[in-house]
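Before any comments, here is the structure.
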Amino acid sequence: MGVTPNIAPSMLSADFANLSSEAHRILNSGADWLHMDVMDGHFVPNLTIGAPVIESLRKHTTAYLDCHMMVTNPLDYVEPLGKAGASGFTFHVETSKDNWQELIQMIKSHGMRPGVALNPGTPIGEVYPLVEAEKPVEMVLVMTVEPGFGGQKFMPEMMDKVRILRKRYPLLDIEVDGGLGPSNIDMAASAGANCIVAGSSVFGASEPAEVISLLRSSVQKA
């Protein structure tokens, strides 16, 4: 497979009072990206972090900040996140049916990498136009739980979406997010996911480096 494995521990599971030391601890354990869950309390019921926290964290790390925007109006967040130092900006297809072209262009013009996410109930076909556009998204995030809260159970039936995407787009970055860990990584990797978001399973482990290494080797084997 001509795609690179990227393990992206979710900072939603970190100690928010010590984000800088948590980021360093997890990067030193072998993480490739830091996954930042931005929630607005509207698109999802939870309210988490925004541009100020990303800007603060950016002062302490050069790592790739993989921002997952669970927000109703993603356009409003592009400029603040770009200025804050976000690396990737993944918006939800459900919120962007009418303006995704403008959104992708704006994300790129602010120096970030555009991605699109879809909820478990959203048909996979809704992201095809965004991947096949003249200015396409560069990653698709398949949610393997309902977005909004950490610590939920992985939904194996979402692997059909990953398989369809991988068959159709052999070189696309395909990310999975929700309930991922050692017990189900092989299922996600063999379906074709190469970017793995893991929260509780990494931050809750006594040896995060072992978990990260196991997740990566599963993707490499697949």
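Note that Cβ sites are derived from N, Cα and C of the backbone, with glycine treated the same way.
Taking the Cβ of Ser200 (substrate binding site) as centre and 10 Å as the limit, one finds 17 other Cβ atoms among all the protein chains shown. Among the features that TrEMBL reports, substrate binding site is placed at Ser10, His68, Gly148, Phe149, Gly150, Gly151, Gly179, Gly199, Ser200.
The Cβ of His68 (divalent metal cation binding site) lies under 8 Å from the Cβ of His35, Met36, Asp37, Val38, Thr90, Ala117, Leu141, Asp177, Val197, each of these being in the same chain and 6 or more residues away along the sequence. Residues annotated as divalent metal cation binding site in TrEMBL: His35, Asp37, His68, Asp177.
For Asp37, the entry in TrEMBL reads active site, proton acceptor.
Taken from TrEMBL, the feature active site, proton donor covers Asp177.
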For Ser10 (substrate binding site), the number of other Cβ atoms found within 10 Å of its own Cβ: 24
Gly148, Gly150, Gly179 as binding-site residues, winner by CB count within 10 A: Gly179
